[in-house]
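To start, the structure itself, in structure tokens.
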Amino acid sequence: MDDCSLEEFRRRWQEELAQAQAPRKWRRPEAAERRARRPEVVHGRSEQASGDPALAQGLLEGAGRPPAARATRAEVQDVASRSRFPRAREGAGGGEQLVDQLIRDLNEMNDVPFFDIQLPYELAINIFQYLDRKELGRCAQVSRTWKVIAEDEVLWYRLCRQEGHLPDSSISDYSCWKLIFQECQAKEHMLRTNWKSRKGAVSELEHIPDAVLCDVHSHNGVVIAGYTSGDVRVWDTRTWDYVAPFLESEDEEDEPGLQPNVSFVRINSSLAVAAYEDGFLNIWDLRTGRYPVHRFEHDARIQALALSQDDAAVATASAFDVVMLFPNEEGYWQVAAEFEVPKLVQHLEIVPEARRYPVAIAAAGDLMYLLKAEDSARTLLYAHGPPVTCLDVSANQVAFGVQGLGWVYEGSKILLYGLEAGRHLLKLGNVLRDFTCVNLKDSPPNLMVSGNRDGRVRIHDLRTSNIALSLSAHQLGVSTVQMDDWKIVSGGEEGLVSVWDYRMNQKLWEVYSGHPVKHVSFSSRSLITANVPCQPVVRNADRDNFTPHRRHRGLIRAYEFAVDQLAFQSPLPACRSSCDTMATHYYDLALAFPYNHV
């Protein structure tokens, strides 16, 4: 209808309402009597036209609108079509036009735009994808149409990917992703409960009888260890197969037990690297075999070793030289870049997620360098200050602790450097003792955890540059630390491994061994700890039958929290191997897994 007809309709509507409100109290009994004498009408599509004029007449006389029954889908579509295409006027009378217009207005009020009528299904999915699982559950209770949309497989597959469940799966792998999501959530809750209640399985990895542990590293449940005998072993704790293979050296003519000590070991998903005291470096490909694919030699002892987490890139520091290695397109290893620094390198890390060529961070005394293998350039990040005490690197940031100048002048602190911005971002902490370890790459967003010589574990808030939480975790210094979204696992120089729920500021449990804790790595379902002696017993060639006592060998433990007690014959698989291949001293395991549950 045009604007003139609309204005005329509104004016006449207001006049009739004013005339109806004046004698309403006198005509209300008559209207009630007329409604009482009104014949009953059977609801149906053929009588809908006759019911609408009576409803309109009742509304004009001041009567309330009776509740209407829920219309079916066909009726709603018919009403919607009639509201879009109004009928032609049959009469010229003003009262008849007014009633027809009122009927059309009522039909437009009843036309509710549901997704199955006016909005395509794909657009509805795009709208619902911004909802979380609670909001999807509430939308599923609105109607059957909304329930079908809220339980679509695409939405629940997206939620599984966001929560980190089954990251390598495709949408066609399962038929009901909502059920898979519920199972993953229940499993996650079970794992968290097992962590808190100290429920699970613990095993001590098999040691070499005539050797002392030198260094340990792990990646996604795969553990590598180097010994004073020159042996390198690898375990896969994800399959409970603890019969570890030896990674052989290239010199097959060397007699067993005459190889140099292992200085450092590193491992990722495809490579294993070991550095020896005589300056040699072995690189193994875990997918091809137990013999090294590349062997590199330095003129002096290797002081630092770094391996990329996700790429095939290795960096070593020997004397005043830093060498970066990576394979070419044909798979042959080559020297990508070689740098010379004025001081000895104590800390070395490779920046993860580099584009094409590896990028490394090297700390040499009071100098900090950014080494790029692409153009063989080095950039000085930090110079002429206190010495660097610890280092960690993420994809776009570098965190390193610097030694303090005394409480009167300036305390120890952690400097945060932005690789993308190319400048210093934050100065964290200001404590008396030196920082011994920092973990940036494994921490939640906007948080960072560090350990100090005063025995405290601190959580730093990168948004405010403040210390969010400080825990008195160890008697001596903190040697290693890691955190996730709710817990902290730290290792101390006194040999104590502590597990904390930092949201509640509460210690969950702890385990003690005689040697300092040099390595801690955990996931949602497992925990790897390594106690490495401070000064490994040096092998003497004059001793033919030298076997160190088990208290001096070092210790590697694997904790599994995904096991269910009902899935095993024994109540608690505290010992997974036979006594002839594993040490049988479990007197201190009661601190972690009490025997009253066995």
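Glycine is treated like the rest: Cβ placed from N, Cα and C.
Annotation comment: TrEMBL describes 18-93 as region 'Disordered'.
What TrEMBL lists as compositional bias 'Basic and acidic residues' is 28-46.
The feature compositional bias 'Low complexity' is assigned by TrEMBL to 62-71.
What TrEMBL lists as domain 'F-box' is 113-159.
Residues annotated as repeat 'WD' in TrEMBL: 471-510. Cβ atoms under 8 Å from those of the repeat 'WD' (471-510) belong to residues 192, 195-196, 198, 433, 436-437, 439, 442-444, 447, 449-459, 516-522, 524, 527, 529, 531, 591-592 of the same chain, restricted to positions at least 6 beyond its ends.
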In DSSP terms, the domain 'F-box' (113-159) comprises 33 helix, 0 strand, 14 coil
Secondary structure of the repeat 'WD' (471-510) by DSSP, residue by residue, totals 0 helix, 25 strand, 15 coil
